[in-house]
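Peer 1: From TrEMBL, for reference:
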BINDING   151, 190  FAD binding site
DOMAIN    31-145  domain 'Acyl-coenzyme A oxidase N-terminal'
DOMAIN    147-257  domain 'Acyl-CoA oxidase/dehydrogenase middle'
DOMAIN    288-428  domain 'Acyl-CoA oxidase C-alpha1'
DOMAIN    481-648  domain 'Acyl-CoA oxidase C-terminal'
């Protein structure tokens, strides 16, 4: 409801936002629907439209008052939506992909999020068949609600340093779970605060006086009838946060809590009954499988977040007009001089167009990571774990790089709207470099390099450590081979330099951590570049993937995606220019040519800017933005939403001598 009546005869001054966006869309050199189809595929779009229609027509998922809610109201609203979602899942018999689509459209991280996102996948990936029968089946039916309790008050990224203990008691065939220190308190755990009645707890396994490192245990933490904490468990919500306030992130302490030996997830490692003998897994990183999948999904969510931010900022920049360009004044259809669209200013393009390119780059890398994960699952089922180390390392680095990139780029988009508006894995790369250099049979690695991008650029560097750019014109930087050589050479140089400092100059690992972080960033940027280029390069015929087939069957579509890819690659290269100088791949004069090509690409992409974000196909139900509306009605929506602010329904008593705060008791109710 509105609390202030806005004069109905007033409209924004011409030109209207809807007309401006219509003009922008007329400039497109490609078919937007075709690109959307190339991104998502017909089956995914059909599924999304079907689920979106159900959610949009259900009053429980109404979003009109979200921005006006306090924390308690927001959490209550999220719980209501999560419960309704479970009902819809059962009613429509949605599979996992359909559930993920619904969660994405609802776009409100709620109390059941970690149950679906971590609790269920971990049991599925690390539980025995017997454990799946006992825990997975009721979890899928939402008869039990779980969370994933790994992070502690004193330890986050350093999983090996977790302080919660799980000690095997052979006399009773039980584990005793204990929090020996305050810093052992589980912390930040989504869904733990007030919702979950079970938790997968990562704890240090101890048996027969030996430590075996962190392992997962399923623990019931609340009574299934009263929902009160069980004896020996202290649990609660950590309080308000800067975001995610619809989720009850919680803390938990254990006071010598006993659980059956059966509750240790035992697909890969076990403790023998009675003797306490530890049976180790065939690979010490097998327990990382679930986290690898989650990291791949995080890259996917980064893509979505970047796409939303870019959509809002680009559409608003096309509608927003500021100042008259005295050199090239814009004119309306009737010949009047009008203010210039903010999107026509080169600086705005330089800030926003790379964000579009980042979103597309993350799209193809997310797909590549999920494909690689599925390939690993297939190989591991037959005992081949050769992909795991590289998959774990790459997913760790990409999670860090892409989330950091997203935070920076979303903030850039927000600022561009004006007043309205790394996990460390360098050790793996150093180890790979040493192995390649010291191996007496380099042809073994040469044969593997086609399957392993890390080996590809390391071998190239070893064979030619002094390779250089050799660009003579700005157009040379559009060459994909040059681009891949540049990013591969830079990453390999940083690795070789770090190996030399550690092995030959006796530098300590701690003193090299900044260098290792640079290596991680360089390697992950290489992966983003390679995956984007691979997607748009010529494909072996026939193309079986529907999305790639659509992309490569349309010259116009492929041309615009080549421009977006080039902008991502070269803008990233320009931002990291210092390291390309350091490895002597590029010279001062070549850096100027690079910058020129980046500026040229802005102009190349300008006619397609609005259409490129339209292709992300983000519905208004998800976007929830006055500035980024598809119809361009920015100012009308801002006024309408302001009129609905509940504070406008309250009359104040502003006399400082009066104890009355509100003159009327009829406070606005959401």
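Just so it is clear, glycine is given a Cβ too, placed from its N, Cα and C backbone atoms.
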Peer 1: Fewest other Cβ atoms within 10 Å: which of the binding-site residues 151, 190 wins that one? Let me know.
Peer 2: 151
Peer 1: Looking only at the domain 'Acyl-CoA oxidase C-alpha1' (288-428), what is the model's average confidence as pLDDT?
Peer 2: 82
Peer 1: Can you count helix, strand and coil residues in the domain 'Acyl-coenzyme A oxidase N-terminal' (31-145) using DSSP?
Peer 2: 89 helix, 0 strand, 26 coil
Peer 1: Could you put numbers on the helix, strand and coil content of the domain 'Acyl-CoA oxidase/dehydrogenase middle' (147-257), residue by residue per DSSP?
Peer 2: 6 helix, 52 strand, 53 coil
